[in-house]
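Q: I'd like to ask some things about the structure below.
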Amino acid sequence: MSKKWTRNTAAMAAILSALCLSTNALATSEQAVTDENQTTTQQEGMRFEPRNEKFAEAHAEQYKSWKATQESEEIEDALEGDPNMVVLWAGYGFSKDYNKARGHFYAITDVRETLRTGGPTDDKSGPMPMACWSCKSPDVARVIDDRGEDGYFEGKWARLGAEINNAIGCSDCHNTGSEEFAKGGPALQMSRPYAERAMETIGKKFEDQSRFDQQAQVCGQCHVEYYFTGPKKSVKFPWDKGTSVDDMEVYYDEIGFKDWTHGVSKAPMLKAQHPGYETWREGIHGKNNVTCIDCHMPKVQNEDGTVFTDHKVGNPFDRFEDTCAQCHTQTKAALKSVVATRKASVLEMKLRAEKQIIAAHFEAKAAWDAGATEAEMEPILMDIRHAQWRWDYAIASHGVHMHAPEVALRILGTALDKAGDARAKVIRLLATKGITEEIQIPDISTKVKAQQALGMDMNKMNAEKDEFLKTIVPEWDKQADAREAKY
């Protein structure tokens, strides 16, 4: 079943998928009356309390609005909406399954259910590393605090499935054990040490920043580009040379990193994650000190007049007077028209880039089949790598048509250029092999047809996932309940 949200809403929810609690008590600290006697029920001595319900009484409005993210219940299959992506990610997990993001409430459910994490049969099997939990739960911060980063990252995704069971919540972004938080203040914190190091790399040490920068940094713990490095597949942000798409491309090339080898062209590929922080910095909102919460987590009043930060992340147009109208003088209809135009422009460029990159993948395959050498193919494959990296960077930055449309259009334009370069080179190479006719692309008009064209056994994958959900996950939940009963 397709989600009934508008596509604008889905995009906005995705870009804020980890922003929701970044400023949980921000408005409370500014405008709501704080209670000197107000306390939480956090376990004494526990630095990261992962159980969000423990804050339901002391931070009732924030908790209630956070819990309302469960209203984004229905799932929208992004591969059905754009089957091109199946081929673009051939050989990688995203070709199996890619859904639009839902609210924070579903973070654990969704990562368990996606085909990308496979159907592990024990704590040592499955396709993905532990790092795939890293932005899904405050339990991650708890485990890192208990065991260190090496103790967290080591092994497969299923290794600590019984430890990571609470959805994205309060302790991801707030120091919930602090006196400030207990009294209703925001107590923002960087709960992921690898993210804190990355911010220092770009000269933004958390404690030295303004509240504005800290708000964005807390969100940027998760809504960023990152990759897995070293034998333990630890998370690292590729910011050593800067935070632009060009800077990160150079960084990846210099260290010889690839996420996977493409299943059609054999190109060494990069998979962009969700670089919302980076594109926001480049866009008009970031440059004007408008943060994520200003648009997606506005300050609102409850019935008794208490002002708090609304944690039900969604489309700013749903709360126009509390969001857009705080800065813009245009009517809601006028602004919606502007956003729709920008979104259409980005979508058009996205689809144009996809068409060219897909053609390049199949033409590269034809060249390999015709006997091309690695030396002949290297410059072609690098152009394909760079073209798709740029395409992916633009489209993975959810809501970029709103946050930084000019950035998205520029990047997609360079993706088109690089795909064109790849195709020109491979067509010349094919000619030297005696191939001058157009290379045919199989029918990829639907998700099912595209997966069939790649020879993917979806029945097997789905059966393995179903068995995992039926047998392994209930055991995880039992173990988690037993552990938390001892807190």
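A Cβ is built for glycine as well, from the same backbone N, Cα and C atoms used for every other residue.
Note that this is a predicted model, so its numbers are computed, not measured.
Feature list, courtesy of Swiss-Prot:
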SIGNAL    1-27  signal peptide
BINDING   His104, Cys219, Cys222, His223  heme c 3 binding site
BINDING   Cys132, Cys135, Lys136  heme binding site
BINDING   Cys170, Cys173, His174, His311  heme c 2 binding site
BINDING   Glu225, Tyr226, Lys271, Gln273  Ca(2+) binding site
BINDING   Tyr226, His274  substrate binding site
BINDING   His285, Cys324, Cys327, His328  heme c 5 binding site
BINDING   Cys292, Cys295, His296, His403  heme c 4 binding site
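I'd like to know what surrounds each of these features in this structure.
A: DSSP assigns Cys219 (heme c 3 binding site) to a helix in the three-state reduction.
The 10 Å shell around the Cβ of Lys136 (heme binding site) contains 25 further Cβ atoms across the protein chains shown. DSSP assigns Lys136 (heme binding site) to coil in the three-state reduction, placing it in neither a helix nor a strand.
Mapped onto three states, the DSSP output places Cys170 (heme c 2 binding site) in helix.
When other Cβ atoms within 10 Å of the Cβ of Gln273 (Ca(2+) binding site) are tallied across all protein chains shown, the result is 19.
The Cβ of Tyr226 (Ca(2+) binding site) lies under 8 Å from the Cβ of Val235, Lys236, Phe237, Pro238, Gln273, each of these being in the same chain and 6 or more residues away along the sequence.
Applying an 8 A CB threshold to same-chain residues 6+ apart, the list for His328 (heme c 5 binding site) reads Leu335. Under DSSP, His328 (heme c 5 binding site) is assigned to coil, being neither helix nor strand in the three-state scheme.
Of all Cβ atoms in the protein chains displayed, 26 besides its own lie within 10 Å of the Cβ of His296 (heme c 4 binding site). Mapped onto three states, the DSSP output places His296 (heme c 4 binding site) in helix.
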Q: Give me the CA-CA distance between Cys170 (heme c 2 binding site) and His104 (heme c 3 binding site), in Å, as a whole number.
A: 11
Q: Compare the C-alpha of Cys327 (heme c 5 binding site) with the C-alpha of each of the binding-site residues Cys135, Cys173, Cys222, His311, His403, and give the closest one.
A: His403
Q: May I ask for the distance between His174 (heme c 2 binding site) and Cys219 (heme c 3 binding site), taken between their Cα atoms and rounded to an integer number of Å?
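A: A Cα-Cα distance of 11 Å.
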Q: Taking the residues His104, Cys219, Cys222, His223 listed for heme c 3, what is the greatest CA to CA distance in Å, to the nearest whole number?
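A: Site span for heme c 3, by Cα atoms: 13 Å.
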Q: If one measures from the C-alpha of Cys295 (heme c 4 binding site) to the C-alpha of Cys135 (heme binding site), what distance in angstrom results, rounded to a whole number?
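A: So the alpha carbons of Cys295 (heme c 4 binding site) and Cys135 (heme binding site) sit roughly 22 Å from each other.
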Q: Pop the Cα-Cα gap between His311 (heme c 2 binding site) and Lys271 (Ca(2+) binding site) into the table, whole Å please.
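A: Cα-Cα, rounded: 29 Å.
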